[in-house]
Amino acid sequence: MDIQGRTASYRHPQDAPYVHKVGLPPKQNLFSEFKATLKETFFADDPLRSFKDQPGSKKFILGLQTIFPILEWGRNYSLAKFRGDLIAGLTIASLCIPQDIGYAKLANLDPQYGLYSSFVPPLIYACMGSSRDIAIGPVAVVSLLLGTLLQDEIDPVANAEEYRRLAFTATFFAGITQVTLGFFRLGFLIDFLSHAAIVGFMSGAAITIALQQLKGFLGIKKFTKKTDIVSVMHSVFDSAHHGWNWQTIVIGVSFLSFLLAAKHIGKKNKKFFWVPAIGPLISVIVSTFFVFITRADKEGVQIVRHIDQGINPSSVHQIYFKGDYLLKGVRIGIVAGMVALTEAIAIGRTFAAMKDYQLDGNKEMVALGTMNVVGSMTSCYVATGSFSRSAVNYMAGCRTAVSNIIMAIVVFLTLKFLTPLFKYTPNAILAAIIISAVINLVDYDAAYLIWKIDKFDFVACMGAFFGVVFVNVEIGLLIAVSISFAKILLQVTRPRTAILGNLPRSTVYRNILQYPEAAKVPGVLIVRVDSAIYFSNSNYIKERILRWLIDEDDLVNESGQTKIQFLIVEMSRKLFSTESSLV
């Protein structure tokens, strides 16, 4: 029925053919209503559906498959899938080994701890995770965040052992946080961090990470511990006359150019995806060999020097379960765990959508949390899904999480036999690898799109960005979360409203500001409210409608148009599709 028909029925109610009566919902007692609300909030996907009407033995098997999805998809594993996973696993291993060494330095830890974190956690995730494409390991943003928060509490040089213990403690509680969120099905909490805030935070973190690499890239020995751009640039320019090493700069610039060229080749032709993936390993091999034969380390080129050989030692006894550092480890762990979780879930959902399969966010949280809890006990620091490695994993044709197992085996062999070969690896090459890895985190296109769509979202994006770049990562994250919550509150208390007009030669109604050709119906004011009405926004909606009515009356007095006789408030966009009279 169009608007004219509706207004006619309001003018002549006696002519209406029938009247719809709204029935009362069935009565429920308080307990039943509370139970239904709780179930809809936390168990909307009905996770126990598959257990209904099953014998005890079947329920036990289903329970094991729920905790360890590998028991379900592993039954149908084939040689064809293994070939894809083998190639993908070897490819991401060639990328992760040099990255892990660099990321460990970003977290102010010795290089072997980065490799440890790409051995045990991927094995745990492969058994418990539900994503086929995520590649697990240390990532730049979490490494920087962890390093920044930890060094505020303990000097990583003067008190290296206590620093490591706090790192393992933070990793343990990061895992506990993730498991808790998944077990109690609180995954929806991470959705409160808006996409715009994440774009700004990631972009700011990428620039901060790149600036931190200037120490290794330029061969600077004395460098600021602060991460803000002013302190970093001040430290760089102060050391310009006596602290830079030209041989280091030549190595850094040469291999950074090579890595960026390899990325360009991979983007231009998807068939050459392996070129940027294998580029870091080639850079490490060539630069290490060059430094070894020229003994450039004697000319001031800083090198890795030593990486402990052997697999992860136990670190259970090093975790702080009491004392002054316990609460500090809990606080840092919660922050790092939430950031790691947000990144992993975003990556997992992206690739799941591309391959058209379902990702269980709560299972992911339990898997990620478990791998970090176990990792904290095996000398690992916080690991999560890496976007660069996951993209390479996807492009290499991975079929299942077995690609993570292949990667972990390669890292194991590296730890067991190959770590002495990295002795002469220059720090400049690690800096170049990290810079080339994080440069894509600065998403100009996304920021521009946010500006075009929603200016408030852009403020959230820029607030997080400038907070990270000019203060520190923790403040940037706090700004991102605060602005995200502020936007949610604003949208609830000040929902969008619009006046609708009729599109010519149709029964379709649209926002008159977005559709200039839409014409108001004489004598009728049609208002759309893009939100449910709550106690927090009811007064605003009433006042907004009354203001429009007053404005319309003023227009009538000025132009002599038909007075407003009817007000139609459209509050259910779902009920009125594009075929309906009112949208």
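Every residue, even glycine, has its Cβ placed from backbone N, Cα and C.
Since this is a predicted model, take the numbers as computed values, not measurements.
Record features (TrEMBL):
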type	residues	note
TRANSMEM	134-151	transmembrane segment
TRANSMEM	163-184	transmembrane segment
TRANSMEM	196-214	transmembrane segment
TRANSMEM	244-261	transmembrane segment
TRANSMEM	273-293	transmembrane segment
TRANSMEM	332-354	transmembrane segment
TRANSMEM	366-388	transmembrane segment
TRANSMEM	394-415	transmembrane segment
TRANSMEM	427-451	transmembrane segment
TRANSMEM	463-486	transmembrane segment
DOMAIN	514-583	domain 'STAS'
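The recorded stretches the transmembrane segment (366-388) and the transmembrane segment (244-261) do not share 3+ CB pairs below 8 A when only pairs 6 or more apart in sequence are counted, and are therefore not in contact.
Secondary structure of the domain 'STAS' (514-583) per DSSP, as helix, strand and coil residue counts: 22 helix, 12 strand, 36 coil.
Highest Cβ pair count under 8 Å relative to the transmembrane segment (463-486), across stretches 163-184, 332-354, 394-415: 332-354. By the Cβ criterion (under 8 Å, sequence separation of 6 or more), the transmembrane segment (134-151) is in contact with the transmembrane segment (196-214), since 3+ such pairs are found. Counted over residue pairs 6 or more apart, the CB atoms of the transmembrane segment (273-293) and the transmembrane segment (394-415) come under 8 Å in at least three pairs, which marks the two as touching.
Proximity of the transmembrane segment (427-451) to the transmembrane segment (196-214) is established through 3 or more Cβ-Cβ distances under 8 Å for residue pairs spaced 6 or more apart. For the transmembrane segment (332-354), the neighbouring stretch richest in Cβ pairs under 8 Å, chosen from 163-184, 196-214, 244-261, is 163-184. The average pLDDT computed for the domain 'STAS' (514-583) is 78.
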